[in-house]
Number of protein chains: 2
Amino acid sequence: MAKKDRKAPRPKAETPKGFRDYFGAEVSERKAMLDTIAQVYHRYGFDPLESSAVETVEALGKFLPDVDRPNEGVFAWQEEGGDWLALRYDLTAPLARVYAQHRNDLPTPYRRYAMGPVWRNEKPGPGRFRQFYQCDADTVGAPSVAADAEICAMLADTLEAVGIERGDYVVRVNNRKVLNGVLEVAGLLDPADPAAQAAERGIVLRAIDKLDRLGPDGVRALLGEGRKDESGDFTKGAGLAPEQADTVMGFMQATRASAAETLATLRALTASSVTGTEGVDELAQIADLLAAQGYGPDRIVIDPSVVRGLGYYTGPVYEAELTFEIMGEDGKPRQFGSVAGGGRYDDLVKRFTGQAVPATGVSIGVDRLLAALAATGKTGARAPGPVVVTVMDRDRMADYQKIATELRAAGIRAEVYLGNPKNFGNQMKYADRRGSPLAIIQGADEAARDVVQIKDLVLGAQIAENASLEEWKANPAQSEVPRADLVATVQRMLAGS
Amino acid sequence: MAKKDRKAPRPKAETPKGFRDYFGAEVSERKAMLDTIAQVYHRYGFDPLESSAVETVEALGKFLPDVDRPNEGVFAWQEEGGDWLALRYDLTAPLARVYAQHRNDLPTPYRRYAMGPVWRNEKPGPGRFRQFYQCDADTVGAPSVAADAEICAMLADTLEAVGIERGDYVVRVNNRKVLNGVLEVAGLLDPADPAAQAAERGIVLRAIDKLDRLGPDGVRALLGEGRKDESGDFTKGAGLAPEQADTVMGFMQATRASAAETLATLRALTASSVTGTEGVDELAQIADLLAAQGYGPDRIVIDPSVVRGLGYYTGPVYEAELTFEIMGEDGKPRQFGSVAGGGRYDDLVKRFTGQAVPATGVSIGVDRLLAALAATGKTGARAPGPVVVTVMDRDRMADYQKIATELRAAGIRAEVYLGNPKNFGNQMKYADRRGSPLAIIQGADEAARDVVQIKDLVLGAQIAENASLEEWKANPAQSEVPRADLVATVQRMLAGS
């Protein structure tokens, strides 16, 4: 046995679990989307940044090495010298490191965008991958909520630029300070002792986040004693007194017909909290700035039910949601949901420098956005393949290459068939697999007469499916042209198809 | 001490050793180059592939885990389950894995291109980084040397497309089979026992690779007893007999005025070797194919001194070299050197499938190519920054945002200053740092009169440097226009500058 083990077996040709490859149109469509997003970000004055994919675990921060192998959630390894390194798990933590490192060489405020893969060491599931794309824009060093408003406007512009129509999305804005104010009013947060009651607040925040799914009654139950779901399972609640729960419910359901009315409701609710009032003021400023620029409630709304998970947000938070319905896995229509989110995080750079540096930004889930466009039929159209120059005579390869060169010189995507040319049927199957619009054929007979055959593969496929015997014999999908007219004829045929 | 250690110190804001960040124009210029290269590859019928950045160490192959920690040369870590994973170190090994895994769904031949970062766990040095970009094109499943010729032609097209002028580069082509034939003739390779004399052949190949640097006499010395360099250090040679060394020298110096003469010389040298003769035949075919497509010796040459390091090449090898001189670090002019290389590797997929799959391809060193363009002054021009709308009155932020929105709607890159607006000088310094062409100014006075000031920062900088007092006072760099004419005026000014 030991001896057998030593004989190296053939390696398995497999991506690691939770990873995948992207082919052809998948790559092109994502690239086109990233290019479009970059154009919008650029027009808003944001500059590109590409930080290293590898960071020290220390700099990533969230996963400080308090165990021997600090790879909870990240892919990490130890350098021979001793440092632990890891693949970045998002683009925000690296930005904080970059800004702290290079702040003397960067303008203030620093508007930057970044796009690229991030890695999560999580259990893979269906449709959940351990490497995926993010596309972020952040403004570092701008304390004013004008920076938050700008990001929200840019997010709306971006969604429209990539093909989400107005009315099919909404950017929802809230403020952590308002939420904290409500928690103060409800007696769940003591500004003098912010660490107390953290567990209750956690239950409350998770309950708020479930409003969409459970409805007001379900959330109300979770704020009180608890909730029994359809299967009979019981979830323990936050145990709030009825008047406390009323305050929280009032906050969540504070959305009114206009931003002004919503803000007035929130202002009344948080009147006794300094933080809450400050948050409402900020939301009012954001609403005013956006209204002045023409971003009305058909695009951006104040919505108190937006919570957002990450603990590091300190002010405005925002989320872009697609509002059209798609068919869920259970066969029931459901809203597509969130495709982007972000907010203000004023403490991330401070970890490095000791000085608070205000920052706000958004992250777009590019793969989800691509899935949304695919669901609406806006992507996934098969891009045409190259014109394929077939090989009838192995010794005349130079002639075939010359044809392809001429076509390419005219800007036409073209290639010579480079497999084994013996079986002509295989060449046609190849052209079909490539989605080729046209095939070029020149045997010895055609070469002697200085002509070429051009086969229209799209028309040919239609005929093969529908044609009568007469139509088939007439073979309108294949035509003979003088060799000298080849390029012009191909250009004409491609323009027509 | 122990207690103090437990108190977490501030993390260092540093990239890991050997990694770096890329800012603004560095990112844009690389992206523009990759886009241009992708266009050429696409026109040749190549499809994009983006494989996972993480592979199993087993699939990467070169670094099979025969030690406890198989991270020699790669960044590797062990999964909780047990598999060793690693970051890809090139784009060729992943292609072999992808092709073996997906071959039933891919066309044959499969032409693909890939671009992205690769990682090497090497000792970093000046200008040498552990993460860098590669940009590859490969054809898998095409046994004919027409595939190699196509890659060479495409490489020449690509270099011209990114801005290297014809005459400033040359693609040099050789064939491993010719080299092996010469080694057979010289008695250094026995086809019946190919493993024997591997050490001598290694010394010979390294010597050939040094022809540029050491000249014929230096190489000749290395083929014989050895060579003493200028510092007095002695390098032991391959110990060839004079007639063996003559054969190798004859091969290396077989380049003649025309491909036909070079090939005739090589044919005579390797006449007694089956492999060598086959290799010369292949080179002749490549030369014929390229000549028929118009790629003459001003672009692509047969050059027997091309060796290329990687052990896995089995046939044609090629290399693109930039022939213009740049100033070396020692102050002496030197040729820029190699920016791309590749060749045929018919055994890489076989590792997975057991069946030989022919493949050939090229890898472009994008960062080196960018450095070459920078050395010729073709990149590095500073891209203009955004128009900056200054903030004169904090309460009128909405008006300033509206101005920026209008400019952006007209396609103009524009932003509102979002730092602390108190000090106007800081706003101007910011605009300068951003490379802004224009700044927009509207104080209370201008607002009352419904006008704006437009400051031409480029002209302003010129005046600041050269103007007389009168010119300075006249201040031609600043002009006042009606608010309604703002966008049109900015458009006109930007078009003029």
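Every residue, even glycine, has its Cβ placed from backbone N, Cα and C.
Under the heading L-histidine binding site, TrEMBL lists A:Asp90, A:Leu91, A:Thr92, A:Arg120, A:Gln134, A:Asp138, A:Arg308, A:Tyr312, A:Tyr313. DSSP assigns A:Asp90 (L-histidine binding site) to coil, not to a helix or a strand. Sequence-distant neighbours of A:Asp90 (L-histidine binding site) (same chain, 6+ residues apart, CB-CB distance under 8 A): A:Val118, A:Gln134, A:Ser363.
As annotated by TrEMBL, domain 'Aminoacyl-transfer RNA synthetases class-II family profile' applies to A:1-384.
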L-histidine site residues A:Asp90, A:Leu91, A:Thr92, A:Arg120, A:Gln134, A:Asp138, A:Arg308, A:Tyr312, A:Tyr313: biggest Cα-Cα distance, Å?
21
Mean predicted confidence [pLDDT] for the domain 'Aminoacyl-transfer RNA synthetases class-II family profile' (A:1-384):
88
Give me the long-range Cβ neighbours of A:Tyr313 (L-histidine binding site): same chain, 6+ apart, Cβ under 8 Å, in sequence order.
A:Arg176, A:Gly343, A:Arg344, A:Tyr345
Taking the Cβ of A:Gln134 (L-histidine binding site) as centre, how many other Cβ atoms lie within 10 Å?
20
